[in-house]
Amino acid sequence: MNKEFQDALPVIRRLKEHGFEAYFVGGSVRDQLLKKEIKDVDIASSAAPEQVKALFEKTIDIGSLHGTMIVIVGGIHYEITTFRTESAYEDNRRPSGVTFVSSLKEDLKRRDFTVNAMAMDDEGRIIDYFQGKEHAEAKLITTVGSPHERFSEDALRMMRAVRFVSQLGFSLSRDTYEAICEKTHLLEKISVERKTAEFEKIMAGDGSGQALKLVAETGIIDYLPGLEGKKQQLLKACTLPINSLSLTEERWTALLDVLEISSIETFLRRWKLSNRQIELIAKNSLYLQKRKKSEWTRLSIYEAGLHCTLEVEAVYCLIKGKALSCERTAELNALYQSLPIHSKNELAIGGADLMKISSQKPGPWMGELLKKIELAVVNDEVENSKEAIKEMLASCNLV
């Protein structure tokens, strides 16, 4: 049993000592079988939320009406959910209600995919009612029960299926694949924010190429913002290891380049990305086009900034079929560090100095002149000192 489970054993055992059933469930059980890193350990129990709250000193109510509480033990947060079944789903998005039950099997039956519907007791024994272990060994994503029913309940499960292909390197079972092809239209009812969260995870997984191919081939693409009519471009993106890029903004930059998106900010707004993300990705895209035409210069690396420079270089290398090397990173970092200034705020002279030198009133001329000085300093045409800048201004009759 992995350390993450061992750390959580006191939670399981406290519940059992008070007469309740309790098991490890979900992704953590799957990931232990697959020998993957375990992130969050979740627990399912026959204890109702108020009973969980009474048993543990530190709890957080994040959804007791739906049976979920967080308990904090040893500084670690554990999500405990009461065994439950779900009522009919509304608008292919969410259940109209839940009913607490006493059966682990009934609880596991409501879950999306068989590899996520296994449980493990405190002795490390796997409880597997739906062939999850068999499917994990065969590297198959298949639904618990009818895929048509599961996807009709919550249409986002179709994107989750593809996301697990990306994250786990699995394939879709034939009936799961066919059901997705038939049910993609239900994605119309899913919020853009939920689609975006899944799509970003799809891009980040080790199997992103195969997953993006599924997005294109199943028809999911037709229900994603701005991707209408972009099937061939998305299939081209499948050939790039976009997942090898470490940042979400880098992955979006690479994808946008392959998709040949003209109005980048408009496209990203449709995905409901944050203003900050849109700003960063749009800047990356601008400098990526410049990088395609020429090598970095002192001026371009100054204007882009170090973070943008390195992100763009990583995407540029990806497009060229190679990885950004440590040597290249060090080279660009050294070039940036060698710049005399990294911001116009570091100029040795300012607007007040210009007015004093020229005896002129404030006006647009000040910004224009400061820009000329800034460029001259960055390009090593003049030293960043008041005396040197004054001499340049005098010699060029700029004031």
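Cβ atoms here come from the backbone N, Cα and C positions, even for glycine.
Lifted from TrEMBL, the feature list:
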DOMAIN    22-141  domain 'Poly A polymerase head'
BINDING   G27, R30, R111, D154, R157, R160, R163  ATP binding site
BINDING   G27, R30, R111, D154, R157, R160, R163  CTP binding site
BINDING   D40, D42  Mg(2+) binding site
DOMAIN    169-227  domain 'tRNA nucleotidyltransferase/poly(A) polymerase RNA and SrmB- binding'
DOMAIN    248-392  domain 'CCA-adding enzyme C-terminal'
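Annotated features, which come from TrEMBL, shown on the structure.
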| residue | record | DSSP (3 states) |
| --- | --- | --- |
| G27 | ATP binding site | helix |
| D40 | Mg(2+) binding site | coil |
| R111 | ATP binding site | coil |
| D154 | ATP binding site | coil |
| R160 | ATP binding site | helix |
Overall pLDDT of the domain 'CCA-adding enzyme C-terminal' (248-392), taken as the mean: 95
Cβ packing number for R163 (ATP binding site), 10 Å threshold: 25
Secondary structure content of the domain 'Poly A polymerase head' (22-141), with strand meaning DSSP E or B: 32 helix, 43 strand, 45 coil
Spatial separation of G27 (ATP binding site) from D40 (Mg(2+) binding site) - C-alpha basis, Å: 8
Neighbour-count leader, CB within 10 A, binding-site residues: D40, D42, D154: D154
Packing count at R30 (ATP binding site) (other Cβ atoms within 10 Å of its Cβ): 23
Residues G27, R30, R111, D154, R157, R160, R163 [recorded CTP binders]: greatest CA to CA distance in Å: 22
Alpha-carbon distance [D42 (Mg(2+) binding site); D154 (ATP binding site)] in Å: 21
Sequence-distant neighbours of G27 (ATP binding site) in its chain (C-beta under 8 A, six or more apart): K39, D40, D42, N116
Listed binding-site residues (R111, R157, R160), ranked by Cβ neighbours within 10 Å, top entry: R157
Secondary structure content, the domain 'CCA-adding enzyme C-terminal' (248-392) (per DSSP, counts of residues): 104 helix, 0 strand, 41 coil
Per-state residue totals over the domain 'tRNA nucleotidyltransferase/poly(A) polymerase RNA and SrmB- binding' (169-227) - DSSP helix, strand, coil: 44 helix, 2 strand, 13 coil
